[in-house]
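What Swiss-Prot says about this one:
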| type | residues | note |
| --- | --- | --- |
| SIGNAL | 1-22 | signal peptide |
| DISULFID | Cys40-Cys54 | disulfide bond |
| DISULFID | Cys47-Cys64 | disulfide bond |
| DISULFID | Cys53-Cys73 | disulfide bond |
| DISULFID | Cys66-Cys71 | disulfide bond |
Amino acid sequence: MWLKTQLFVLAIAVIALLEVHAEPESNDNNELVVEEARGCADAYKSCNHPRTCCDGYNGYKRACICSGSNCKCKKSLREMAAAAFGR
């Protein structure tokens, strides 16, 4: 019985040791998440200071409009008109 208790305690210690040294968020998508955070945001997607808005249709600049703490990239009127009339 004493041997079983010692083996159980040893197993718990090894599991705890391996858990401490495990890499947090060590999945394949981690690089994609970091790259997406650095990139630009499309129209009607959330934006902030490090993540600016992408250029729109025909190179029109999009603005990051904030309402409280909710910031979204908005299309400009020129961009919407150019897309509607095919320019």
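Using N, Cα and C of the backbone, Cβ positions are placed for all residues, glycine too.
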Where Cys47 (disulfide bond) sits in the secondary structure, as DSSP reduces it to three classes: coil
Enter the number of other CB atoms within 10 angstroms of the CB of Cys53 (disulfide bond). 21
When you measure from the Cβ of Cys66 (disulfide bond), how many other Cβ atoms are you left with inside 10 Å? 11
With Cys40 (disulfide bond) as the reference Cα, tell me which of the disulfide-bonded residues Cys47, Cys53, Cys64, Cys66 is the closest one. Cys53
Long-range Cβ list for Cys73 (disulfide bond), cut-off under 8 Å, min separation 6+ in sequence, same chain only, gives Ala41, Asp42, Ala43, Tyr44, Lys45, Cys47, Cys53, Cys54, Arg62, Ala63, Cys64, Ile65
Name the residue among the disulfide-bonded residues Cys47, Cys64 whose Cβ has the smallest number of other Cβ atoms within 10 Å. Cys64
Structural state of Cys53 (disulfide bond), classified by DSSP into three states: strand
Cys40 (disulfide bond) falls, by three-state DSSP, under coil
Return the count of C-beta atoms lying within 10 angstroms of the C-beta of Cys54 (disulfide bond), excluding that atom itself. 15
For the disulfide-bonded residues listed here, Cys40, Cys71, which shows the highest count of neighbouring CB atoms within 10 A? Cys71
